[in-house]
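Swiss-Prot lists 94-119 with the feature region 'Disordered'. What Swiss-Prot records for 148-401 is domain 'Protein kinase', and it gives sequence analysis as the kind of evidence. Taken from Swiss-Prot, the feature ATP binding site covers L154, G155, K156, G157, K158, L159, G160, K161, V162, K177, and the record attributes it to sequence analysis. Among the features that Swiss-Prot reports, active site, proton acceptor is placed at D271, with the record citing sequence analysis.
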Amino acid sequence: MYCRVFTHFSLYRLYTLSDNININKTNHNKSIGLHQHRVNYMPRSMTASSSQLKRIETRIESLSESLSKSNARKPLGKFQLNTFDNNKITKLQNEKVRPSKSSHIPVKSPIRKKGHSPAQVLQNERMDTKLLLQKLPSASRHMTLDDFEIGKVLGKGKLGKVYCVKHKTSGYIAALKVMAKKDLIDLKLEKNFRREIEIQSNLIHPKISRLYGFFYDHKNVYLILEYSIHGELYHHLKVQRRFNDATASHYIYQVALALDYLHTKHIIHRDIKPENILLSTDNCIKLSDFGWSVKSSPSSSTKRLTICGTLDYLPPEMIESNEHDYTVDIWSLGILCYEFLVGKPPFEEIDKNSTYKRIAKVDLKIPSFLSSEATDLILRLLQKSPKKRITLAEVMNHPWIMNNQQYWPNEN
């Protein structure tokens, strides 16, 4: 029954959100209004993204203006990631994180092995909500905050907070992202927020984080998200500085699997980076954050123009304001591979304008300690011409991947 509730209620809330937001513009305040109980569960965080309500895709006015003055890793839009604070994880015993041999964080996972199917979202943005209402179970129409026990804060961001929660009826542990409607309205995020939910709620893959549904009240919107016990991969990379070949190849292979699934579904992620990769048990990754994602067939002649993502991961075609397609994810996979092995993105500079120039020229400097096979894969991924970039199938069958598989942990 719990599965059905989460499958259906998100679809109904999805298509009534924008109307509700417009009606209640004067009824918001900045307070989240959550009462925290003493429940110690640890899920993870998610984020939203930005776009104009009047147009599906609008260009960002200026790359320089959209970035902060520092060289911090921030998205180009008007939103900010909610980060999972890995240092605040309650350290229990039993299970261990194994990003590499140099780091072990003992934790015990309360997550259930089997998840629940997300909502099947219709492609058309408009639909008859009255007809849908007749098909929904009554419980899904009245989901409220009272249905959950609220635990500790897992992350904070410009748009809200992520809490650890337990569904009272089922006992299911999840993450609850809380965003104020007023902030969504002020930042003109309603439509992009809706598109993000439409995309992610319809994705079912072991390497992609699940969105189970969402509900709202007069002040806030609540996203119910999959629990990932070890948080963002970025935090593990910061602690270890860089991953060894066995660990990095395992992660790259899994991200390639996730991207292959997305591209088959005609979805471009457009924001691949360590912050958007979550770590579950047995070194299993979960690709998350679909705020910049769009539907766009790889075989289609339709190209995108929106500049989006994170500066260090932008491909040359975006830097030069050219059209782009699904191959931007291939480029980002190359940046990701380099950062895993070296500890920083390949074109990172203190001055962002210098970063722009290095990306445009593909001014790639390969450290001498990288293996020849890893170097070959990175060079094949980071081709300036999108047509020359290696395919995901070739990535997964590359010698660097194949030769390191024997060192990967067994996944249950």
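Note: Cβ is positioned from N, Cα and C throughout, glycine not excepted.
The shown structure was predicted, so the numbers you read here are calculated from the model rather than taken from an experiment.
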**Request:** State the Cα to Cα distance, in Å, between G160 (ATP binding site) and the residue listed as 'active site, proton acceptor', rounded to an integer.
**Result:** 20
**Pairwise Cα distance for V162 (ATP binding site)/D271 (active site, proton acceptor) [Å, integer]** = 20
**Complete:** Whole-Å Cα distance, L154 (ATP binding site) to D271 (active site, proton acceptor), is 21
**Request:** Let me know the DSSP-derived helix, strand or coil state of the residue listed as 'active site, proton acceptor', please.
**Result:** coil
**Asked** Taking just the CA atoms, what is the gap between K156 (ATP binding site) and D271 (active site, proton acceptor) in Å?
**Response** 19
**Prompt:** Across the domain 'Protein kinase' (148-401), what does the pLDDT come to on average, as a whole number?
**Reply:** 89
**Request:** Rank the binding-site residues L154, V162 by the number of other Cβ atoms within 10 Å of each Cβ, and give the residue at the low end.
**Result:** V162
**Request:** Provide the three-state secondary structure of V162 (ATP binding site) computed with DSSP.
**Result:** strand
